[in-house]
Structures are given as structure tokens and as C-alpha cells.
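J.: Okay, these came from TrEMBL:
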type	residues	note
DOMAIN	B:127-416	domain 'NADH:quinone oxidoreductase/Mrp antiporter transmembrane'
TRANSMEM	B:27-49	transmembrane segment
TRANSMEM	B:83-100	transmembrane segment
TRANSMEM	B:107-125	transmembrane segment
TRANSMEM	B:131-151	transmembrane segment
TRANSMEM	B:163-184	transmembrane segment
TRANSMEM	B:204-222	transmembrane segment
TRANSMEM	B:271-291	transmembrane segment
TRANSMEM	B:303-323	transmembrane segment
TRANSMEM	B:329-351	transmembrane segment
TRANSMEM	B:372-394	transmembrane segment
TRANSMEM	B:406-429	transmembrane segment
TRANSMEM	B:455-472	transmembrane segment
Amino acid sequence: MTMTFDDLLPLMPMLIVTATAIIAMLMIGVKRSYLLTSAITITGLLLASVVAAAMLPFTNQQITPLFIIDHYSLFFTVVMCASAMFISILSFPYFFNLDDQKEEFYLLLVIATIGAIVMVSSNHFVSTLLGLETLSMSLYGMVAYPLHSKESAKYPLEASVKYLILSAVASGFIVFGMALVYAQTGTLSFTSLVTAASLTNSLGESYSIVALLMISAGMAFKLSLAPFHLWTPDVYEGSPLPATTYLATVGKAAMFVVFLRFIHITEALSFPSVVTVFSLIAVASILAGNLLALLQDNLKRILAYSSIAHMGYLMIAVIATYSSEGTISIEAVTFYLLAYVIMSLGGFGVASVISSSEKEFDSISDYRGLFWRNPWLASSFMAMLLSLAGIPLTIGFIGKFYIFLAGVESGLWVLLAVLVVGSGIGLYYYLRIIYRMLMPVDQSIQYRIAGIESISSYGVLAILVFLLLLFGIYPAPVMSLVADISAYI
Amino acid sequence: MILVVLISVLFFGGVLAWLSEGLDSKFPRIIALAAVLIDLLIMLTLLGIPEPTDSAWIISLNADWMPRFGISFHLALDGLSTLLLLLTGFLGVVAIGSAWNEITEKVGFFYFCLLWTLAGVVGVFTALDLFLFFFFWEVMLIPMYFIIAVWGHENKNYAAMKFFLFTQVTGMLMLVSILVLAYFHYVQFGWFSFDYLDLLNVNISNNIEMMVMLGFFVAFTTKLPSFPLHSWLPDAHSQAPTAGSVILAGILLKTGAYGLIRFAIPLFPEASMRFAPVAMTLAVISILYCAKVAFAQTDIKRLIAYTSISHMGFVLLGIYAWNEIALQGAIMTMLAHGLSAAALFMLAGGLQHRIHTRNMQDMGGFWAKVPRMSFVALFFSIAALGMPGLGNFVGEFLALLGAFQANITLTVLAAFGLIFASVYSLWVIQKVFHGEYKNTNFDDSGLDDLSRREMFYFGAMMLGLIWMGMYPQSFLDLSAATLNNLLSITEGVAASVVQTTL
């Protein structure tokens, strides 16, 4: 198959990010300059997200069998590039004083972002796997990034090896599942398994179900859905904060987009046993995530468990996609993913602002009295936590509203009951952190003195809080955008 | 438009109050007072608007908010809302007065929270879109959580958490119910709507209607609160600062009753009628059980909190009797209890501020030392126990009179609550204010009589109660049109339910 220039144009965001990686790499080879490398990275990612946003209204094209560049994938390309850009800005002050080679972190981050873009634009097993591995390989490096400090990223090697081994096993599951699907359908593109199973020469329905469950198990591992969640808290805690942030936002969201597309196109949910398994996964994730978060005192671990619970909430909307008539449940997934990315970025962003590669403030007792010391920072954090808890005025509330609506539409009463219980438990640990911030100031905690390099981090936080409140108070424009793009999946 | 002004004055006043702390720590309270006074004045001008003849809504405002789901920014005002707004404005001023000297730390943030709570309450009393209603319902929680968690007493974390969890979790049940209702509207009419006036037309089959109604009922009776969902209230009250208690007892509890009258029953008339005996039984249990528990308290704030639950039982009883007299009684009780409970909490808070204890066993014979305070306490205790001539009597009497038509047995039982009320009210007076003065367990150097400022607030509240008791017609007239409207919505249904049960 030949590619024309017309085919290259929709791939522009991907090409820009790739070019950024190459330029950054050559740049490091010529002259090591932390400032310049980060500037190139940030500019490249910004450019890619602007281009993707500009292309969004009029691009809808299948480029080779591997990539689908439509409104949906472009929307998430914007989200991925923008998040990666925000993380680059947040990690600038974090690594600023690191006494080692620090430019490569940006390189890894950009390469991971290429993987993420490939994933969100994929409707083919090969591109899914390529994107997934590109993302994961770079993440291993980011998780294990050497910091030489006992007070931050306590166990980077342990975290990295754990992630590497388990992730490889999960990839193995996915590949095996893909092979089974290929045996059934004879194509590596996502196609309906229902039609394939009904053909006379098919291998039978159970074959499809096994294939679907293997792929789903592998993806559930990457999404840290219970019972495949065991690596999450350790890896979150062990890695440097920017790597954790990346893993929690871009890593999860990209995976979820492929997952949604895969489930939607293959019509996996028309097999009742798959629905049962997914429902169990959703219930287990919500309960395990929320209950285990109650026992934690480490902020990263709390956010890790809370992300498990949030993935469980998203699963409810995924399950709802099958029985719903319109696109409401797909809109629910889309909106909630957007909300999840914004609030997780904000939550980790606050921790990044006061932490550095020398010392991370990741115990919740470190946040004691923060509200009286730095009311703006603490207010941002509170906004993020309340959003995670789904309280009005924030995007998290609208997201939860969508999920409830999707659940009601499909009549998933048991799952909704679990969602109510889970959110109730969740409130407790979010409020615990908020209460810490409201307690009297503890003078023994000395935060990093913010230098000039941190200004942009505060800017990122301000943008995130603004978006959080804007989408929470006046979500109508985003709602219509989400409704528009969800028709394309 | 005027309704948006009401809410935004409080919202922006709150932000301004917080910011002004940087200039001078006296500014926040002045700004807060000014904001609430402006609101109160606007609310008073609302009384002058002539009532339209064709509908019960005096003014309304409807703008698109989230057109994707038919969610609109729909605010409207009728007689019932007006009464409750006036209560909110009045108690807002009183709450700021009670915090005037008591709150000395983090002043700006305190008044910010206070005004935002009030803004949420104003929104709840005027919202006619159910999504918007839920939005305000939750918005008033967070600042209230902060008020308890930051300025509360020794066990504030526990109390604030309990308050938040109870109201938030039951609120989520209500959200599910709202969504089910909106979804049924979608199924029946082909488009989404969260508008109260649209949702009134939705028909739901019996069993589902009961489940959906219960979602609302649980949320509202948690806020009211009613047995068995009341246990957060004594903790919240005993730990909250005085102004927090005033807002909580005076206004926040009324949002639950308002929700029942405005939403729970009119939206689900059949299910509500079938459920009424259960609700009224819960009301009677609240009245009697909490009166008994109140008698066993030694902490003066917990005692008043339990009496609040007991009095709110009359409101619940009146609402589920669902006839005009009973509803008028419920509304009068809401207003009168708002004033009397707020005043009692201010007295308890004032005592705690002066002698740093709430334990009644350490107190006694205060009449000799603080005669003005003792008189005020006696007045409001007598009001709370339902002395004829004061507002509470009118409310509880009408509630019982109306309930008598609906269910004789339960009404007779509920009437015993009046006797219990006299017992515990007078017992407090006897224990704390009569007898010989003792100050063995606390430092009484700060025990001063009420200041002029405090007397002014208490005086205004006394006048309010006397007015309600002597000339209740002025209040009854305001809510009459609303109630007729609500009763006409459920009229046909009520008759059919009575038919089938006979």
C-alpha cells in the first residue's frame, strides 16, 4: 500500500512529536543543556496539541489499516500531548537540582507520548501493540530514573523491575489473545467477533470469549483494575513523581481509549459471560481501591488506590455502552477520562510543586497546615481532591453525573449501588487529606524554597484549576464536543 | 434576575471577605454583614411584588445551562420560598452577630464559608431544576464542613466527617433518583429534562416510583433529620462553633423539610401517599425517642440538638399528613423552630465561650450571676416547649390538628411530645439557672451577662416569635397560594389512593 501526502497530513501530530524526540536526542548529543532540552520538548508537545486541535473538526480518515485518525482519536491526541506538556513543565523544577544526567528524562517522556498517540489512533492489533510497547518501554526507564536520593522515589529499581516483569506478562496475555482472535477472524483489524462467531466455519463462541478475556486481562493490568492491580501502589510510590504522574494520567488514559475502541468494535459485551466478568472487575476495583486507600498514609499510594477505584467507575460506563441506545455511555467514558486526567494531573502537580528530586513530600502528614501557609496551593489541592470525590462545582461531579446517567440508562442497579458505596468510602480518605491541610501549621516541615524555576509549575496548576472549575460550572461546550466526537468511535 | 443577584451577592461577598482579611482582620465581618444585609433588604422588597393570579410563582428565571441533557438554570420564587429566604437572611445576620467576637482566628476564611453556605441555601430554596437543586444542595455542604472542621471544638474532625458522609452519601442516592426520573422523562417524552415543572408530568409504575421516592426521602430526612438517620446531628452541633450551629439548626435542617414539601411528595404523589403511614411513624418515633434521649444528656448543646430532632418530627408529621392545615403547621414550625433553636444554640455557645464547658452538671444557679441571659434562656425554652402566644405553639398545634385528620393514633402519640418538651425544657432551666450558684469546676471570671449587641439579636428573635404567635395569619397568607398549588397537583392521586385503601 502506498502512502500519499494526503495520508501524511493527518499524521502530523504524531510526526511532530517524533521529530521532537529526534531533535531532542541530537541536541543532547551536541550539547547537554537542561533548559534547552526541556524547551524543545515543551514546544514540540505544544505544537502537536495545537495542530491536532486545529485538525479536529475536519479530519476523519483511515490511514493504512493501522491508524484511524478521526475526531475521537484527535481529541485524545490533544489530551495526551497537552498532559505530556504539563508533566514536562512540572518536572522541570523537580529535576532542576539533580546532580546527574537529567535531559534523557524528557527524551523518554516524548517517546512515551508517541506510543500514547499511536494507541489512541489505533484500530488494529499491530498498532495497538506497537503503541503499548513504546509507551511501556519508555515508562520502565522513567520509573527507574536514577535520583540518588533516599528521600525521594525510595525504590525506583524495585518499582521498575516489578512493572517490567508484570507488564511483560500482561503484554504476553494480550498477544496470545490477539492470536486467538486472528485465528477466529483472519484479520488483525478490530472487527466484530459476533459476526465472526456466527460464520459456519468459525471456531465457536467459547473461542472468542477466551480471546476477549485474555486481551481484557492484559489491558486490565495496564489499567490497574482489580484483581490485576497489585503492582500499582508499589510502582506509584517507588517512582519519581513526574514518572508517577505520567503513568497515572497519559498511561492510563491512552490504554483506556484503545480498550474502549476494542470493546466497542468487537462487540465484546454481547457475550453475557464477558459482561459478568467486567461487572465483577468493576465491583472489585471500586471496593478494593476505596477500601485499601483508607489504610494508607502515603499520598502516592492513596492516589494509586483511588485511581484503581476511578478505573472501576469507568468500567461501569463501559459496561453500559452495550445496552444503551445512543452514545451517552461512550460520552460518559470520554468525559470521565478527561476529568480523570485533569484531576490526577492536578493532584500530582501539587505534590510536584513542593517536592524535588532531593526530597519528595509524599506523606499526608507533610501537608499539615498547608492551607494556612500557602492558601492558593492548598486550595488547588482541595479542588482536585473534591473533584476526585465528585463534589459539585468541579469537573469530577459532572463526570460522576455522566456515569450515573449511563448506569441508569442501562439499568445497572447493582453497579450503581456499589458506586454510591464506593464514593462514600472514598470521601473519607479525601477528607482526611483536606483535614490535614486545615490543621494548625507544623513548623518542623520545611518545604523546598521555590525558586524562579517553579513559576511555570504554578502556572500549570492555575490552568488545571481553571479547567477543573470551568468544566464543572459551565460544561455545556465540552459536553457538545464530547457528544460530537463520541459518535465517531 | 433578582434571584441571581441574591445568590451572587453572597458568593462574591464571601470571596471579598476572604480577600479583605489581608488588609485588616476587622474587614471580613463587616463585609459579610453588609452582604447579608443587602440580601435581606432585597428579600424584603420581594414581599412587595404582587402575587400573580395565574400561577404561584412570583418571579422566575430560566436559562440554558447544559442543553445536552435539558438542564437549565431555572430559579423561581413562590410564597414558601420567600418565607424560607427571609428566615435565611434573618438568621444569616444573627449568625454573623454570634460570630462577631467569638471567631478570632482565620477570620476571612470563616466568613467566606459562612456566606457560601448561605448562598447554597438560597440556591436550594429557589432552584426549580433538579440538577441545579442538587448542585446547590451539595455546594452548601463543603463550607459547612470547613466551619465545623476548622473552628469546631475538641472532637471536630469526627463530627465534621460524620456530617459530611451522612449528607453526601444520602445525597448521592438522591442524585440516582433524580437521574432515574429524568430518564423516565426521556423515555416518555423523547427528550431529557431536569425541570421540576416537566418532571411533574412523568408517570412511573408503582414499584419503581416507590424506590425513586425513597431516594429523595432518605436524602431529605437525613438533613431534617429524622430517626433513624439523625445520629450525625448531635455530634455536628456539639462540635460546631456557635454560628455554625445557628446556620445548621436554623436553616440547613429546613432544607430537608423544604425538599419533602417541594419535591418528594409532589413528584411522587402515589408512592408518598402509600408511604405516608411509615413516614408518620418515623416522625412519631423521632418526637418521642429524641425527647427521651434529650433528657438523658449532660452536654447542653447535645441536649438542644436532640430537642431539635424531636421538634422536626412535628414537621415531618405535618408534611406527610399532606393537607393544608398540617402543611401550614409544618411551615410555621420550621420558621419558629428556626428562631428558637438558633437562639438556644447561641445561648449555649455564649455560655461555652464564657466558661469553656458544656457540661450541665458543672452549672447551676446562674440566674443570680447573669439575670439577662437567664431570662432570655427561659423565654426561648418556653417558646420551644410550645407555650401559646409564641410561634412554636401555632406551628405544632396546626401540625397536630392537620395530622389528626390523617391518622388519629399517631397524632395522639405525637401529642405526648409536647409534654416531654415541657419536661426537658424546664429541667434545663432548673438545672442551669435556678438553685444555688456553683462554680466548682470552671473558671467563672469570663462569665458576664449578655452584652447590648447580644441583647439586640435576642430581642429581634423574641419579637419574631411573638409576632408568629400573635398574628400567624401574615405568614399563613404567604404560603397559602403555594400550598394550594401543591395540593392541587396531588389531589386526583390522593383521592384514588384513598379509594383503593378503603
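Backbone N, Cα and C define each Cβ position, glycine as well.
Annotations in TrEMBL come from automatic prediction, not curation.
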J.: I need to check the long-range neighbours of the transmembrane segment (B:303-323): which residues 6 or more away from its ends have a CB within less than 8 Å of a CB in the stretch?
T.: 221, 224-227, 230, 233-234, 236-238, 249, 253, 256-257, 260-261, 265, 272-273, 275-276, 279-280, 282-288, 290-291, 293-294, 297, 329-330, 333-334, 337, 341, 344-345, 348, 360, 384, 392, 395-396, 398-400, 402-403, 405-407, 410-411, 414, 417, 420-421, 424-425, 428, 487, 490, 494
J.: Six or more residues beyond either end and a Cβ under 8 Å away: which residues meet both conditions relative to the transmembrane segment (B:27-49)?
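T.: Tertiary neighbours of the transmembrane segment (B:27-49) are 2, 5-6, 9-10, 12-14, 16-18, 20-21, 58-59, 77, 82, 85-86, 89-90, 92-93, 96, 99-100, 107-108, 110-112, 114-115, 118, 122, 478.
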J.: Would you mind listing the long-range same-chain contacts of the transmembrane segment (B:271-291), meaning Cβ under 8 Å and 6+ residues beyond its ends?
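T.: Contacts of the transmembrane segment (B:271-291) (Cβ under 8 Å, skipping residues fewer than 6 from its ends): 206, 209-210, 212-214, 217, 221, 226-228, 230, 264-265, 306-307, 309-310, 312-314, 316-317, 319-322, 403, 406-407, 410, 413-414, 416-417, 420-421, 424, 490, 493-494, 497-498.
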J.: May I ask which of the stretches B:131-151, B:163-184, B:204-222, B:329-351, B:372-394 has the most CB pairs under 8 A with the transmembrane segment (B:83-100)?
T.: B:329-351
